[in-house]
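Some notes on the structure that comes next.
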Amino acid sequence: MSQSCRVVVLISGSGSNLQAIIDGCDDNLNANVVGVISNKPDAYGLIRAHHSEIDTSCVIAYKNETRSEYDARLLAAVEKYQPDLVVLAGFMRILTDDFVSRFLGKMINIHPSLLPKYTGLHTHQRAIDAGDNEHGASVHFVIPELDSGPVILQAKVPVYAGEDAAELAERVHEQEHAIYPLVVKWFSLGRLTMSDGKAYLDGELIGPSGYAPD
Ligand SMILES: Nc1nc2c(c(=O)[nH]1)N[C@@H](CN(C=O)c1ccc(C(=O)N[C@@H](CCC(=O)O)C(=O)O)cc1)CN2
Ligand SMILES: NCC(=O)N[C@@H]1O[C@H](COP(=O)([O-])[O-])[C@@H](O)[C@H]1O
């Protein structure tokens, strides 16, 4: 049996996606969360990691620190775990090109929109304000350009008339918790790759809206 895929998860908040990935690893013995790193010391995801006896560390930004200086400290913290896969799970910092380049093809992110719609922040409110009738989440490889890496898998939810951003976010979260562990499993089995800025599953090119079974 091949070595288990060493997964490091970066968080900034609640860590519900971290929890879904931890729980998913219980069924998928090919992956193991070996470290959780937060830029926020009060992130509840750190508590979740502790409850699962997973090592944690905090890399807190200093007031006058440049983005590159912060990312150099973050890189040291990540590399301590010698990860096969870096998972951004609500990690709310834009990473420098140098940092991203160190993990190109082995760093993924979950974004709360149907990319390429609504890169950046406040995606649920933007979808409501635009009058969209569907919204969702996207798992993508991370590249230097923000939220623009090749999409791996998406999940859609309807937008109900009159619902607010929090209600919509809750239903998107449910879908995130289903798709993120699946993508981690695909990667841990060696089925998911990135080459020339494109994502492949079992060697087949994944389309712009992510994997869609025939
Ligand atoms: N170089 C990249 N860095 C990151 C990516 C990426 O694709 N390329 N994905 C993001 C995740 N993300 C959305 O999915 C995201 C995170 C943070 C921000 C942002 O504007 N952050 C601000 C601070 C916001 C805050 O503190 O609340 C900032 O860093 O100045 C946008 C999108 C992770 N990084
Ligand atoms: N742009 C990044 C971004 O907004 N990511 C979003 O942060 C939330 C983290 O929730 P969690 O901490 O409960 O996993 C998730 O909904 C994720 O899509």
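Every residue, even glycine, has its Cβ placed from backbone N, Cα and C.
What TrEMBL says about a protein is an automatic prediction, not a curated fact.
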*For the (6R)-10-formyltetrahydrofolate site that TrEMBL lists with MET92, ARG93, ILE94, LEU95, ASN109, give the additional residue from the candidates ARG48, ARG67, ARG171.*
ARG67
*Sequence gap of 6 or more, C-beta under 8 Å: which same-chain residues meet both conditions with respect to ASN109 ((6R)-10-formyltetrahydrofolate binding site)?*
VAL87, LEU88, PHE91, VAL139, HIS140, PHE141, VAL142, ASP147, GLY149
*Which site among ILE94, LEU95 has the most other CB atoms no more than 10 Å from its CB, taking these as binding-site residues?*
LEU95
*Three states by DSSP: which one describes ASN109 ((6R)-10-formyltetrahydrofolate binding site)?*
strand
*Which of these binding-site residues (ASN17, ARG93, ILE94) have a C-beta closer than 6 Å to some atom of ligand 2?*
ASN17
